[in-house]
Amino acid sequence: MNCKFGGNYQLVQSGREAATLGKKVMVLDYVVPTPLGTTWGLGGTCVNVGCIPKKLMHQAALLGQALKDSRAYGWQYEEQVKHNWETMVEAVQNYIGSLNWGYRLSLREKSVTYQNSYGEFVEPHKVKATNRKGQVTYHTAETFVLATGERPRYLGIPGDKEYCITSDDLFSLPYCPGKTLVVGASYVALECAGFLAGLGLDVTVMVRSILLRGFDQEMAEKIGAHMETHGVTFIRKFVPTQVERLEDGTPGRLKVTAKCTEGPEIFEGEYNTVLLAIGRDACTRNIGLQTIGVKINEKNGKVPVNDEEQTNVPYVYAIGDILDGKLELTPVAIQAGKLLARRLYGGSSTKCDYINVPTTVFTPLEYGSCGLAEEKAKEEYGEQNLEVYHSLFWPLEWTIPGRDNNTCYAKIICNKLDSNRVVGFHVLGPNAGEVTQGFAAAIKCGLTKELLDETIGIHPTCAEVFTTMDITKSSGQDITQRGC
């Protein structure tokens, strides 16, 4: 038997793949409730408390902006427009519920055994499975795949688990969070802060150091500047030291005390909700890996693997966010899981390619990227060997309402020593994910600046800016745009 640890969408897919190839498969999935008691169904973080509800709530905020823009296009309405949090959450959760049910059906169709139980190794090739009623069963398998994912980190200060929420709680929160403090500068922090502000809430982001660590920092600062322009308050260089409840309610009232990271200053503020988004921890320390000798990185709990996702114990594999040094993206894990099943049982030799993986941060102004951040490109190739082409642009749809001229930004980083091959692609603007997905395929094929120049753009679109770029950073020329 092939046993899968975790209920992530990628495990569902790899389990189906292994079953299709003739293997007997079991999936063990159990969601440990958050400190507030939040739990969810089959499908893992992405489906239940990640990509899916995040994008839907981002869309809710974009619709609010579209309503404002519509007046400039001639739409007239007298009714006062307001947002209903409860209606949105119910709709989002209903959709997620349909996905949960669909995954259960898909496993059943492939004769994959699904058990809503917490898995833990007790000896080689043997796991203990404990369900929510405390009932225990034992199972043996030839091969095991770990895809337990990560859960949000807490601050370790008085009041954090008692009074704060995380993204694990936000998307099913039964009441509007009201005035919200978001602690963190991760993509989760900025995405949540962005759509909450877009829904009309008073939002503050408390940042310890830099925005979007690991991403291109020029793009990160442009995101922060745009959010600030549109009403999000940023408190820089502070970290919370205590959260106290001043008043019960849905939401209640909380007092946050924070200290400066670079001086003696103390900050105090009152909020209805405090959302922690300071990073995530791998769920690997309590599943008995030490019992069978699987090594983890003690600093972060992640699992080192070889280029075939195999751990130091030959019959145990790992995919997804728990891999040490790999990307924390659902589509990457789905691809890795499918390819792993095909290598193990289908005679394939194809490995997952972790290079030039595209991604998008769904902040109010979306940020899509593929390849290297400018800082990383300079480290890898040397600044003197790079040419950076860039341009500001103004989406045509934004011209009539007169919104955010010369705020959207595009740049490509080219390796001069390799025919000006594109090693970094970055776009800040509407529908950045859709734009980046197409260019990612071209980058996979070895896209160069010459090929971009030879490509005829689709007019009038945002993406065509990449076919008309002729200003380099090194030239210092003005990149502001004045029209089509």
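The chain as shown is numbered from 1 upward.
Every residue gets a Cβ built from N, Cα and C, even glycine.
The active site, proton acceptor annotation in TrEMBL covers His459. Residue environment of His459 (active site, proton acceptor) contains 10 other Cβ atoms, counted within 10 Å of its Cβ in all protein chains.
The FAD binding site feature in TrEMBL is assigned to Lys55, Gly119, Asp321. In the shown protein chains, 26 other C-beta atoms lie within 10 A of the C-beta of Asp321 (FAD binding site).
All chains included, 23 other C-beta atoms sit within 10 angstroms of the C-beta of Val188 (NAD(+) binding site). Residues annotated as NAD(+) binding site in TrEMBL: Gly184, Ala185, Ser186, Tyr187, Val188, Ala189, Leu190, Glu191, Gly279.
Just so you know, the Cβ of Cys46 (disulfide bond) picks up 23 other Cβ atoms within 10 Å once every protein chain is counted. Residues annotated as disulfide bond in TrEMBL: Cys46-Cys51.
What TrEMBL lists as domain 'FAD/NAD(P)-binding' is 16-337.
Per TrEMBL, the feature domain 'Pyridine nucleotide-disulphide oxidoreductase dimerisation' maps to 357-469. In the domain 'Pyridine nucleotide-disulphide oxidoreductase dimerisation' (357-469), helix, strand and coil residues by DSSP number 42 helix, 33 strand, 38 coil.
For Gly184 (NAD(+) binding site), the same-chain residues that are 6 or more apart in sequence and have a Cβ closer than 8 Å to its Cβ are Val205, Met206, Val207, Arg208, Leu276, Ala277, Ile278, Gly279. Here Cys51 (disulfide bond) is positioned 25 angstrom away from Gly119 (FAD binding site), judged by their C-alpha atoms. Burial estimate for the recorded positions (Cys51, Leu190): highest at Leu190, by number of other CB atoms within 10 Å. Pairwise Cα distances among Lys55, Gly119, Asp321, the recorded FAD-binding residues, top out at 31 Å. The shortest Cα-Cα distance between Cys51 (disulfide bond) and any of the recorded positions Ser186, Val188, Leu190, Asp321, His459 is the one to Val188. A sphere of 10 angstroms centred on the C-beta of Ser186 (NAD(+) binding site) encloses 22 other C-beta atoms. Gly119 (FAD binding site) is surrounded by 25 other CB atoms, counting those within 10 A of its CB over all protein chains shown.
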